[in-house]
Amino acid sequence: MGQDRGKYDFYIGLALAISSSIFIGGSFILKKKGLLRLAKKGSMRAGQGGHAYLKEWLWWAGLLSMGAGEAANFAAYAFAPATLVTPLGALSVLVSAVLSSYFLTERLNLHGKLGCLLSILGSTTMVIHAPKEEEIASLKDMAKKLVDPGFFVFATLVVIVALIFIFVVSPRHGQTNILVYITICSVIGALSVSCVKGLGIAIKEAIAGKNVFKNPLAWILLLGLVGCVSTQINYLNKALDIFNTSLVTPIYYVFFTTSVLTCSAILFKEWGHMGAGDVIGTLSGFLTIIVGIFLLHAFKDVSVSLATLAVSIRREDHAAPAANGTASHSNYELLHSESTEDLDRGLPYDSVSRRNGALTSSLDV
């Protein structure tokens, strides 16, 4: 009965994760459209410290869409392991890429379509090999995990890296290097997922009739989530305002997912319940997603499609025989010219031979 319940929760979490990706992928487009409208009006841009986007309804629509996606994502963590939920964020990249080609005039070429296919295959692989059982079932278990020395060291390093990037690196390189703001969002995101996971467990306990409001850990997790999400929204807005959406989305996905998988392995130890085949399958699926995202955006400015590819092949096929004919004709003219010059210099005709396209004399010099 417990195994059936676990499978039921697993598929609920899977459905919530997929719906979350659809809402979040659409939110990037809405927020970007709002920021572009503000730029046309001459308002101070978010990348320069402005907050005029708070008056733009498109930006708010994007925020509400992201809120719905994050709510579904929040619920998904309560039912399914982070190793499954987080990598499925690749679907939001696909949604964002497809919608960008329609609403932001950002092309989706042949490489992009192949990247979408690889990302879907990688996500499917990760779903198949993801752990089906949860190790943490209560806030009491969560509290034990949070004081584990391994996670304490990890969390400390995350906070230190985030502070260095916010106060030292960001003022100097944030406007020119896309990795600065995305790194801040990603490392903080690892902690936010931990808070979400704990709050999801608290909600499930509250639904079961347990009084979790008197537990200090629930409020600590809530405050931590608010702080982490606020920081992520702030720096993600700056990255979206300055850099291309088709670059921000995939890089953010790779960095964020890597951070969360690392945090999940340290805090929840979900990987300890997986066999060698499942571990290899999960890592292979994640790498396939990364390759797919790379193809999706690395060649986004190259105009390649099945039609242009077929035309290029036909042109090469037609050009090859013509080039060979020209080369043969030129070689013949060269040989004929050199042969005539040698005869004019008095060499006997039979002393001139053609070997491998060159003229050699049989007389000793």
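A Cβ is built for glycine as well, from the same backbone N, Cα and C atoms used for every other residue.
Residues or ranges marked as transmembrane segment by TrEMBL: 12-30 (among others). Below 8 angstroms of C-beta separation, residues 58-59, 61-63, 65-66, 68-73, 75-81, 84-85, 88-96, 99-100, 103-104, 127, 240, 245, 248-249 of the same chain, each at least six residues beyond the ends of the transmembrane segment (12-30), sit close to that stretch.
The transmembrane segment annotation in TrEMBL covers 57-77 (among others).
Taken from TrEMBL, the feature transmembrane segment covers 84-104 (among others).
Taken from TrEMBL, the feature transmembrane segment covers 151-172 (among others). Nonlocal intrachain contacts for the transmembrane segment (151-172), taken as residues 6+ away from its ends with a CB within less than 8 angstroms of a stretch CB, comprise 145, 180-181, 183-184, 187-188, 190-191, 231, 235, 259, 262-263, 266-267.
Taken from TrEMBL, the feature transmembrane segment applies to 178-196 (among others).
Sequence annotations record features per position, and here TrEMBL assigns transmembrane segment to 217-235 (among others).
Outside the transmembrane segment (247-268) by six or more residues, the chain places 28, 81-83, 86-87, 89-90, 92-93, 96-97, 135-136, 145-146, 148, 150-151, 154, 158, 178-179, 182-183, 185-187, 189-191, 193-194, 197, 236, 239-240, 286, 290, 293-294, 296-297 with a CB less than 8 A from a CB of the stretch. According to TrEMBL, the transmembrane segment annotation covers 247-268 (among others).
Tertiary proximity for the transmembrane segment (280-299) is limited to same-chain residues at least six positions away from its ends with a CB under 8 Å from its CB atoms, namely 83, 87, 90, 93-94, 97, 109, 111-112, 114-126, 128-130, 246-247, 249-250, 253-254, 257, 261, 274. Per TrEMBL, the feature transmembrane segment maps to 280-299 (among others).
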Top Cβ-contact partner of the transmembrane segment (217-235) among 57-77, 84-104, 178-196 (pairs under 8 Å) = 178-196
Using a Cβ-Cβ cut-off of under 8 Å, list the residues of the same chain that are 6+ residues beyond the ends of the transmembrane segment (178-196) and lie near it.
-> 73-74, 77, 82, 86, 146, 155, 158, 161-162, 165-166, 169-170, 221-222, 224-225, 228-229, 231-232, 235-236, 238-239, 242-243, 247-248, 251-252, 255-256, 258-260, 262-264, 267
